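What follows is one structure encoded as structure tokens, with my remarks underneath.
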Amino acid sequence: MQFPMGPACIFLRKGIAEKQRERPLGQDEIEELREAFLEFDKDRDGFISCKDLGNLMRTMGYMPTEMELIELGQQIRMNLGGRVDFDDFVELMTPKLLAETAGMIGVQEMRDAFKEFDTNGDGEITLVELQQAMQRLLGERLTPREISEVVREADVNGDGTVDFEEFVKMMSR
């Protein structure tokens, strides 16, 4: 199932991407990276794990291939002790941010879309919230079975709801 999303906020347009690859990131881009990083730094120790990096990259709108994730994982394990701090994350992501083209979803757009579904603001999308959002946002009335199927596909941890990370994965398919 596809959900309509807004335009990208931090990725460069095709015409200027080549010229801009060597420029430093702007303050707004660094803040975008910081927001994304903090979303995945659950214990607030200033680090994210190697395994969370792929999900974090997807949150930012970058869709790494399996090979890229394997290579990054090896680099992180060898050079960074299996964990990435914010500075290392910026260093890893800067070339990707500068090289990507328009049409990708940024963290804020993803978070805004999630909030449209999570109407009570508790950080989880329930069956009822999904059904209401589909009707309100897309004009689609899904059956309870169809709603359950959407949640089941997205609900990685099996708790019956869709949290932000699961939402990002669902939107990345």
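A Cβ is built for glycine as well, from the same backbone N, Cα and C atoms used for every other residue.
Cβ neighbours of Asp45 (Ca(2+) 1 binding site) (same chain, under 8 Å, six or more residues apart in sequence): none. The Ca(2+) 1 binding site annotation in Swiss-Prot covers Asp41, Asp43, Asp45, Asp52, and the record cites sequence analysis as its basis.
Sequence-distant neighbours of Glu129 (Ca(2+) 2 binding site) (same chain, 6+ apart, CB under 8 A from its CB) are Phe117, Asp118, Thr119, Asn120. Among the features that Swiss-Prot reports, Ca(2+) 2 binding site is placed at Asp118, Asn120, Asp122, Glu124, Glu129.
In sequence order, Glu124, Ile125, Thr126, Val151, Asp155 are the residues near Thr161 (Ca(2+) 3 binding site), counting only same-chain partners six or more apart with C-beta under 8 A. Look at Swiss-Prot and you will find Asp155, Asn157, Asp159, Thr161, Glu166 tagged as Ca(2+) 3 binding site.
The domain 'EF-hand 1' feature in Swiss-Prot is assigned to 28-63; the stated evidence is sequence analysis. When the domain 'EF-hand 1' (28-63) is classified with DSSP, helix, strand and coil residues number 23 helix, 3 strand, 10 coil.
Per Swiss-Prot, domain 'EF-hand 2' is recorded for 82-99. Summarised as a single figure, the pLDDT of the domain 'EF-hand 2' (82-99) averages 80.
Helix, strand and coil counts from DSSP across the domain 'EF-hand 3' (105-140) read 23 helix, 2 strand, 11 coil. Feature annotation from Swiss-Prot assigns domain 'EF-hand 3' to 105-140.
Packing against the domain 'EF-hand 4' (142-173) from elsewhere in the chain are residues 1, 3, 5, 39-40, 55, 58-59, 63, 105, 110-111, 113-114, 117, 123-127, 130-131, 134: each is 6 or more residues past its ends and has a CB under 8 Å from a CB in it. The domain 'EF-hand 4' feature in Swiss-Prot is assigned to 142-173.
Cα distances from Glu166 (Ca(2+) 3 binding site) to the binding-site residues Asp41, Asp43, Asp52, Asp122 are smallest for Asp52. Same-chain residues with CB within 8 A of the center of the Asp118, Asn120, Asp122, Glu124, Glu129 CB atoms, the Ca(2+) 2 site residues themselves not counted, are Phe117, Thr119, Gly121, Gly123, Ile125, Thr126, Thr161. Comparing Asn157 (Ca(2+) 3 binding site) with Asp52 (Ca(2+) 1 binding site), their Cα atoms are 15 Å apart once rounded.
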